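Colleague: Before I ask anything, let me first share the structure, which is written out below as structure tokens.
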Amino acid sequence: MTAVRNCRRVYYMIYLSHALSAWGDRMWDFAVGLYMVILFPDSLLLTAVLGFSISLAVTTFGGPLGTWIDKTKRITSATVSIIVQNAAVILGSTALALTFAFSDEIQQVWNGSLQTLIYAFIIFVSVIAKLASVTSDIAIERDWIVILTDGDESSLATMNSVMRTIDLTTKILAPLAIGTLLTYWSQMSGAIFIAIWNLISGFVEIYLLVIIYGDIPQLRLKHIDTENEPGRRSRNAIKECWGGWRQYLMHPIKWAGIGFSCLYMTVLGFDQTTTGYMYSQGVDESFIGITTSLGAITGIIGSVSYPFLRRCCGKNSTTLIGYVSNAACFFICVVSIFTPGSPFDPTAIVNPFGKLNATAVQQEKFSIAELWEQRQNMFYFVAGIVFARFGLWVTDLSISQLLQDSVEESKRGVINGVQNSINQSMDLIKFVFVIFLPSPQTFGYLIILTWIFSILGCLLHCLYLFRSRSHDGHGKDSTIGQLLEKDESNSMEKPKTERTPLLPTK
């Protein structure tokens with residue numbers, strides 16, 4: 001037992017394996033969104049279809065993949081997921097490189113149908129890569145590190161902290177690196193680099209995990225349930241799924257959870273949709289990478305500030321601070337719609353399926369000075385998103401701890417599982433909006449919708465506070481101010497342990 005806790009070499013190997021995997025994930029996630037716009041510059045349709053497909057796949061197959069992990073040896077689930085993930089990225093990067101190298105020839109095959117098939121293939125392998133990445137994260141971060149720390153809560157907390165730091169660091173550096181690479185090399189070279197990285201990284205990751213698996217006997221001890229009948233297991237799964245939703249909707253926490261899920265209905269999150277819109281407005285890859293990194297830094301500041309805010313203001317006040325800060329910053333993005341350089345045209349009528357331009361036309365790029373002269377709206381747009389990350393992370397940490405503290409221990413898995421499904425459903429709604437409003441000229445409508453949903457989330461959380469007043473001993477005439485006042489006094493009496501946040505994607 002002690003040997004497991006003291007094996008620093010094993011810890012360093014798991015950190016290195018996770019860093020390699022996270023770096024490859026961040027590079028591909030950032031690059032593929034840009035490539036979708038480069039290949040289809042007149043619309044955000046491809047970007048929206050990509051994001052919608054990924055969200056739908058994770059929502060649909062997240063549960064079955066978790067069940068497969070439970071029924072499979074640890075080394076098998078970890079290595080298979082790494083192999084599939086890296087193979088999918090390599091195939092997608094290779095397809096992109098060939099598209100850029102032979103774009104003229106590909107256009108002439110089957111009247112352009114081959115290029116459409118290539119687009120579909122890239123989206124397909126991106127979905128596979130994401131599913132494999134989710135599987136790998138569950139296997140390593142939710143299972144392996146628990147075994148490695150051997151039940152030592154202090155060691156487990158340290159490992160979780162280091163793993164999260166690695167994630168945030170790659171979120172900052174990987175977009176910056178790949179953005180610079182695409183700007184100063186070429187788009188084809190960037191795709192080739194990503195393919196080579198994942199080829200080498202995959203072998204190293206598997207090698208490290210095999211060594212760890214061989215060194216730690218506890219990892220090889222796993223009970224695998226093979227006794228359940230497939231038909232009964234299927235019926236129980238359906239029953240448990242409906243029962244989980246019923247428990248969630250009957251629980252007092254539901255309004256806080258639904259309010260938080262409204263923040264997932266956003267086009268202001270530095271995802272493929274956001275980066276695609278920025279690229280379409282002449283913002284080059286390196287500047288997009290810089291702003292993405294700044295957003296991650298602002299998010300870190302929010303997460304670091306959360307314990308201080310909670311001690312000083314109380315948990316309810318801190319949550320509202322997060323919501324209000326997020327909505328206020330998004331209003332800056334709304335202002336950007338009406339500033340000089342904005343492409344917003346409220347009268348634009350867009351047929352998302354009518355302009356499938358197979359050629360990747362040359363996009364005009366602006367320097368920072370030129371961007372200020374011709375696209376002032378982008379500075380307001382970027383500023384709003386970057387500063388909003390503070391409120392987003394404060395809200396995320398607040399709701400995360402609320403779900404941990406307010407939900408009975410026997411229901412935490414069910415409630416949190418349904419919460420994740422609702423979050424992904426909001427993400428799907430976002431992509432539906434983008435699919436039907438894919439043009440940069442109509443992106444302003446999506447910005448306004450994002451701002452409205454952020455306000456709706458805050459209002460639903462206020463509804464939760466009113467509904468919970470009976471549990472806090474308040475009468476019918478309780479106000480938000482009374483709840484916050486009592487919350488502040490309670491927070492000074494019994495500070496609670498901080499929890500791990502729900503949004504590491506955003």
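Here the Cβ of each residue, glycine as well, is placed from N, Cα and C on the backbone.
Since we're looking at a predicted model, the values are computed, not measured.
Copying in the features that TrEMBL gives for the protein in this structure:
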- 12-38: transmembrane segment (TRANSMEM)
- 44-66: transmembrane segment (TRANSMEM)
- 78-102: transmembrane segment (TRANSMEM)
- 114-132: transmembrane segment (TRANSMEM)
- 168-185: transmembrane segment (TRANSMEM)
- 191-213: transmembrane segment (TRANSMEM)
- 248-267: transmembrane segment (TRANSMEM)
- 287-308: transmembrane segment (TRANSMEM)
- 320-338: transmembrane segment (TRANSMEM)
- 443-466: transmembrane segment (TRANSMEM)
- 483-506: region 'Disordered' (REGION)
- 484-499: compositional bias 'Basic and acidic residues' (COMPBIAS)
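Give me the structural setting of these features: burial, nearby parts and distances.
Modeller: Within the chain carrying the transmembrane segment (12-38), a Cβ under 8 angstroms from the stretch's Cβ atoms is held by residues 44, 46-47, 50, 82, 85-86, 89, 92-93, 96, 122, 126, 129, 133, 136, 140-141, 144-145, 148, 159, 162-163, 166-167, 170-171, 173-175, 177-179, 182, 187, 190-191, 194, 197-198, 201, 204-205, 208-209, 211-212, 271-273, 275-276, 279-280, 285, 288-289, 292, 360, 363, all 6 or more beyond its ends.
Sequence-distant neighbours of the transmembrane segment (114-132) (same chain, 6+ residues past either end, Cβ-Cβ under 8 Å): 28, 32, 35-36, 39-40, 46, 49-50, 53-54, 57-58, 61, 65, 81-82, 84-85, 88-89, 91-92, 95-96, 98-99, 106-107, 356, 358.
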Colleague: Where else in the chain does the transmembrane segment (168-185) make close Cβ contacts, counting only residues six or more beyond its ends and a cut-off under 8 Å?
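Modeller: Distal contacts: 19, 22-23, 25-27, 30-31, 34, 193-194, 284-290, 292-293, 296-297, 299-300.
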Colleague: Any contact between the transmembrane segment (248-267) and the transmembrane segment (443-466)? By contact I mean 3+ C-beta pairs closer than 8 Å, pairs at least 6 apart along the chain.
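Modeller: Contact confirmed: at least 3 Cβ pairs fall under 8 Å.
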Colleague: Would you mind listing the long-range same-chain contacts of the transmembrane segment (320-338), meaning Cβ under 8 Å and 6+ residues beyond its ends?
Modeller: 259, 263, 268, 302, 309, 313, 344, 377-381, 383-385, 387-388, 390-396, 398, 444, 447-448, 450-451, 454-455, 457-458, 461-462, 484
